[in-house]
Structure formats: C-alpha cells, structure tokens
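Listed in TrEMBL:
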type	residues	note
ACT_SITE	Lys10	active site
ACT_SITE	Asp136	active site
BINDING	Pro94, Val95, Ala96, Ala97, Gly98, Leu99, Ala100, Gly101, Gly102, Ser103, Ser104	ATP binding site
DOMAIN	66-143	domain 'GHMP kinase N-terminal'
DOMAIN	199-273	domain 'GHMP kinase C-terminal'
Amino acid sequence: MYVLEKAPAKINLSLDVLYKRPDNYHEIEMVMTTVDLADQIELFLIKQNTIVIESENRFVPNDERNLAYRAAKLLKDRYEVKKGVRIKIEKHVPVAAGLAGGSSDAAATLRGLNKLWELGLDKQTLASLGAEIGSDISFCVYNSTALAQGRGEKITELKAPPSCWVVLAKPRQGVSTQTVYQSLDLSTIDHPDTSGMIEAVNKSDYLGMCSRLGNVLEAVTLERHPEVAQIKKLMQSSGADAVLMSGSGPTVFALVKQQTRAERMYNSLRGFCEEVYAVRMLGYPQALD
Ligand SMILES: C[C@@](CO)(OP(=O)(O)O)[C@H](O)COP(=O)(O)OP(=O)(O)OC[C@H]1O[C@@H](n2ccc(N)nc2=O)[C@H](O)[C@@H]1O
Ligand SMILES: Nc1ncnc2c1ncn2[C@@H]1O[C@H](COP(=O)(O)OP(=O)(O)O)[C@@H](O)[C@H]1O
C-alpha cells in the first residue's frame, strides 16, 4: 500500500506578536495561506515495524531529527500502531526559509499515515498532535487559509484569498526562528492590522490584502540580513503590488496580479538570488489532500 501527499509552503500575510509567554513562546496572531510550491511525501507500508526516512536533500536530516519522522513516531506511539513506514521526501520548498517546509512535511505525514495506517482520525486531532511537535504544524494539517493564534496552534479557517501570483526569493543563508523571536524588542513593534487583513481576505479584496501585509519579525531579520532589504527593493521596483518577508525569514514574497509581471520579476531576481519561484497563491487544500 502507498499514499502520496503534497506538502505546500506557507506564507504569512500578517504576523503579529502580542506578548512573551511564561513558557518562553510568544503569543501571536497570524494570517497564513499556502502557495503552489510543495514537497512531495510518499508513504510506503513496509514489513518491518520501523520508520525509515529517505531524502536526497543535504540540508534535511534522514533520522529521528526529521519532522516527518517525529510526526510518524508520535502517531505510532500514541495509537500503538504495529506497522512500519518508509517516508520518501522529495524537497522543493527551500529549507530554513520561513516557508514551513519541515512543518508541512510533518503535517503531510500525519494526514498520509492516518490513511495508510487506517486510523480514522479527524483533522482537529491531527492538528493537535502536530502542535506537540511544532507551532506551525497545526496550520499545515489544514493546508488552507487561516488565522493562527496562541503560539500558532489555534486555527480558525478563513476563505481562500483572491487569486494572484506570488514571487518568492530566498537569500542563500537560512535563519533560526528561535533567534529571531528572541531578538524581537516588543516595546518598539509596529502591529499589523490583523482584523483588517481577515476582512480583506474574506471579502476577496486584493488591494485591501496588499495594503495590510505586515510582519513584526521582518525588522529583526532585515537588520541581520541586508540582502533581504535588497530583494524587497528589487521586487518593489519591478512592479510588485506588495512585498513582505515570510515568517522569521529570510524568504521575501511579492504579490502580483498579472502573470507577465510575475515572470518579469522572476527574471530580474534570478540574476541576484539563486532560489526564486513564481507560483500561484493557493489557500485551499489541493486535490490530493
Ligand atoms: C515564525 C513562524 C511563523 O509562521 O514560522 P517560520 O518562520 O519558522 O516558518 C512560526 O511562528 C514558527 O513556527 P515553528 O517553526 O513551528 O516554531 P517551533 O518549532 O514551535 O519553535 C521554534 C522556536 O521559535 C520560538 N517561538 C515559536 C513560536 C512562537 N509562537 N513563539 C516563539 O517564541 C521559540 O523560541 C521556539 O523554540
Ligand atoms: N522534513 C524536513 N524538511 C526541512 N527541514 C527539516 C525537516 N525535518 C527537520 N528539518 C529541520 O528543520 C529546520 C527548519 O526547517 P524548515 O521547516 O524548512 O524551516 P522554517 O521553519 O524556517 O520554515 C531545518 O534546519 C532542518 O534541519
């Protein structure tokens, strides 16, 4: 038996930090959606009662540090599953990029193993299992568009955003999410308009969505990585409707309505940055889901 799952990248249309919690996480409010840039997760039932990870990406661990492994192990232990699995991960989402590639792989593993191991769990249960491994995994289980609160695990689904192109560019160096959160100075942040963003998304108001893009982590990463500011500038001068860094970075994304403009921007960024993508905004679970 075999199951195939897509694990799309997420972007944060808005990301606000409300306060630092006693558990050292931050209470946040984010509007998140997905883009058509995805890893592919193949799950094969194997005779041995073990979890095997296969990935050819040198930045992705092939052992118990892999988030997909951790998701499989959690399901196996919690539901006393006596079956094994080989998890083949084909990476397309850049690693340590602020696009939740690893979280999405873990979420896809939860969804896929729920089928492969015939566990019959609902999405809410899978999402709360995911939250035990990482804050972004609950959102990735839904794979849609949502307001995420708490440390990221409280999910309220929203309508899919108005359709558009998303041009993504990732500078060479990755960032540590933990370091970015730790370096945030809560007294100086400029809070984004989260409720305005929710309204714009739900009303399919593209320009309203563009005018409300905001991420309080952007200033932290910009300070350490000047190439993020350079990419933003280049995107702005090549016709982006709006530009923002995703999550803790360093990937920057531009929203563009017209395909021709997205292609032009893609070509001008290619000379500057190795990892550039021009993809459609998704915001809803894909057919394979
Ligand atoms: C910033 C965001 C925005 O979507 O994404 P990325 O940039 O990582 O993609 C997320 O909040 C990242 O979620 P995720 O990457 O799952 O975080 P976790 O593994 O749970 O936590 C990594 C570290 O980030 C910090 N952290 C995370 C979430 C949160 N609400 N407050 C925090 O302070 C903690 O220091 C934690 O040790
Ligand atoms: N399946 C996976 N894909 C990518 N990274 C993974 C995976 N499993 C574990 N990791 C580790 O998680 C870290 C963060 O990865 P990723 O989810 O891509 O970043 P981000 O949280 O910035 O979106 C990486 O440094 C990598 O070593």
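Quick reminder: no glycine exception, Cβ is built from N, Cα and C everywhere.
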- Taking helix as H, G and I and strand as E and B in DSSP, count the residues of the domain 'GHMP kinase N-terminal' (66-143) in helix, strand and coil. 43 helix, 7 strand, 28 coil
- Distance-selected binding-site residues near ligand 1 (C-beta under 6 Å), from Pro94, Ala96, Gly102, Ser104: none
- Starting from the ATP site formed by Pro94, Val95, Ala96, Ala97, Gly98, Leu99, Ala100, Gly101, Gly102, Ser103, Ser104, give every other residue of that chain whose CB sits within 8 Å of the mean position of their CB atoms, in sequence order. Ala9, Val93
- Message: Near ligand 2, which of the binding-site residues show up if the criterion is a Cβ under 6 Å from one of its atoms? Options: Pro94, Ala96, Ala100, Gly102.
- Response: Ala96, Ala100, Gly102
- Task: Determine the most Cβ-crowded residue among the binding-site residues Ala96, Ala100, using a 10 Å radius around each Cβ and all protein chains in the structure.
- Result: Ala100
- Do any residues at least six apart in sequence from Gly102 (ATP binding site), in the same chain, have a Cβ closer than 8 Å to its Cβ, and if so which, in order? Val60, Asn66, Leu67, Ala68, Val95, Gly134
- Query: Which entry in the list of binding-site residues, Pro94, Gly98, has its Cβ near the fewest other Cβ atoms, using 10 Å as the limit?
  - Reply: Pro94
- Query: What is the interatomic distance between the Cα atoms of Ala96 (ATP binding site) and Lys10 (active site), given in whole Å?
  - Reply: 13
- Where does the mean pLDDT land for the domain 'GHMP kinase N-terminal' (66-143)? 98
- Query: If you draw a 10 Å sphere on the Cβ of Asp136 (active site), how many other Cβ atoms land inside?
  - Reply: 27
- Count the residues of the domain 'GHMP kinase C-terminal' (199-273) that DSSP assigns to helix (H, G, I), to strand (E, B) and to coil, and report the three numbers in that order. 41 helix, 11 strand, 23 coil
- In angstrom units, rounded to an integer, how far apart are the Cα atoms of Ala100 (ATP binding site) and Lys10 (active site)? 6
